[in-house]
Amino acid sequence: MADPFEVRMRFTSQLQHLNASVTSAQKAAQYALKYKDMDEDLHSCIVEQLERGNNMNTRANIMYFIEHFLEMAQKDNHVDYVRMMQRDIIRIVDAVAPDDGSGAANVKVVLQGLQQKQFLQAQTVTEIEEVLKERETSARDAGLSSPVNGDVDMGDAPPSHAIPTNGRAPRLEKRQIEQRIEEDRERHKRLRESIWAIPSHDNAETDKIWEETSDMGDDDHILGQEEFTEWRQSMEHQCAPRPPAGPASTRITNGNKKY
């Protein structure tokens, strides 16, 4: 039996080194499924890494990893991971998208994916998105407002707890920004590729067309009636009766009529 402490440490390391590639997400997910008898401990590793205050890129990568992870866990018939993630989704969102409004865009994308794959209910996603919208608005308003007396006195608070005077989150380093841009580009590339992907089950293409087709309205009925009228007129023209032939007793032989 594997050492639980060693399993936690290795899984934590994989979470910290996640990137935008599918390979890194699949590797971490497969590791968690391999040791699914420790599912509660490994799930707590995910939450701890999000709440530990890692940089925004790491939190965003873990958030995107969750979507891949739950999909693989469902295919592996280990729904306990799905259940625990549903239980702690509010806690996870608070860690990735805090009150300063950062990370909200990544959370919204993942929430939509979890809803489409039926890991989260539509009502739950709607309620969370409303909270995120309020946080973004509050953070924007705080950023526009200026302090009355200049810098805020933090007393004996350590430098790591200093709050920016403009109310905004600390700026990312140039390296982190470049990494974020590259990872977002990779995710958007995969998203465009998945748009054309059709599942392999029966009638998948028909189901996809049916879902993308809008509901029928009055205009559709009128257009259908017009097309039917044109088709009927065309058929009547093609099937018009021919003129009657001459008397059956009339024959032409060598250019002369004989009766």
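Positions of Cβ are set from backbone N, Cα and C atoms, glycine also.
As recorded in TrEMBL, the features of this protein are as follows:
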- 250-259: compositional bias 'Polar residues' (COMPBIAS)
- 3-136: domain 'CID' (DOMAIN)
- 136-176: region 'Disordered' (REGION)
- 234-259: region 'Disordered' (REGION)
Secondary structure composition of the domain 'CID' (3-136) [DSSP: H/G/I, E/B, coil]: 107 helix, 0 strand, 27 coil
Mean predicted confidence [pLDDT] for the domain 'CID' (3-136): 92
